[in-house]
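A.B. asks: Quick one: the structure is below, and I'll ask about it shortly.
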């Protein structure tokens, strides 16, 4: 008898034997919430507990429809700009970070601010300020219009040039070849970013690297796990929202690593049964802003379709935890 591991899903188990002819799910580990998302979501929850609703949140706290809808039902009010927040009210800044001008606008309206910016995004902000003080040209690799990019660029608007994909490389101009550095959005594809850096370095031989890797540990870990399982997958399902950069990148990584097909789904109801025709192995993962309950829903739906064996594919163990913002930490 093939030994199995109970996965806590009706009808699903993880076999330690390779049975390629039986319908199965390869489940990426790690997946889902990263430390920054966990901190941001808990920040809004704690603010609601401490102050009661409404608690205003500038932009989606994280890029996931389920999370935003759940917090909205609990009393969070999501706005695009601080001028939509009543004077003197509480406003939480999202995990993606904000530019200094946003803090200034909040202060003018006497808003009580709680900063849920991911500490790894804050690190990139600090790097941008430091290099700007030293009069560097900063080449920021990222997606135009993404909240994180807007926030980072806002730290040093006169020094930052956005490089959005390989096409953006040729548009870059610099003042001093000895004073040019690249930084990046934290949720990009590692491979694509390194390709852009290599192209930039062909133009600017003295291009400096950031002091430490800007692409966050969770983004990298989730991409590595997908790369490990994709070659064995007929189909990869990435649980995540379409405005989630890191989730979209996982679909691209899966296809690039050998999966025959890959799709982004917000939840189980998004699965098109035609995708499963002729499919033996389905890979499942989730973006860094996705709660595990949505992954469980997908696994249950797959089990109903005969994919009742779940095999974990573990490439890293994550233990990092970030402290909550001081404004909502429990009293000692």
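Placement of Cβ uses the backbone N, Cα and C atoms for every residue, glycine included.
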A.B. asks: What does Swiss-Prot list, out of 51, 63, as binding the same isopentenyl diphosphate as 96, 146, 244, 245, 246, 289?
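C.D. replies: Isopentenyl diphosphate site check in Swiss-Prot: besides 96, 146, 244, 245, 246, 289, the record includes 63 out of 51, 63.
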A.B. asks: Taking each of 96, 186, 245, 289 in turn, which of these binding-site residues have a Cα lying within 10 angstroms of the Cα of residue 216 ([4Fe-4S] cluster binding site)?
C.D. replies: 186
A.B. asks: Neighbourhood of the [4Fe-4S] cluster site (34, 118, 216): other residues with Cβ within 8 Å of the Cβ centroid, in order?
C.D. replies: 35, 36, 37, 95, 120, 121, 186, 187, 217, 218, 219, 288
A.B. asks: Could you tell me the C-alpha distance between residue 244 ((2E)-4-hydroxy-3-methylbut-2-enyl diphosphate binding site) and residue 148 (active site, proton donor) in angstrom, no decimals?
C.D. replies: 11
A.B. asks: Between the binding-site residues 186, 245, 289, whose Cβ has more other Cβ atoms within 10 Å than any of the rest?
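C.D. replies: Result of the Cβ crowding comparison: 289.
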A.B. asks: Helix, strand or coil at residue 146 ((2E)-4-hydroxy-3-methylbut-2-enyl diphosphate binding site), per DSSP?
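C.D. replies: In the DSSP reduction, residue 146 ((2E)-4-hydroxy-3-methylbut-2-enyl diphosphate binding site) maps to coil.
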A.B. asks: Taking every protein chain shown into account, which of the binding-site residues 96, 146 has the largest tally of Cβ atoms within 10 Å of its Cβ?
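C.D. replies: When each Cβ's neighbours within 10 Å are tallied, 96 tops the list.
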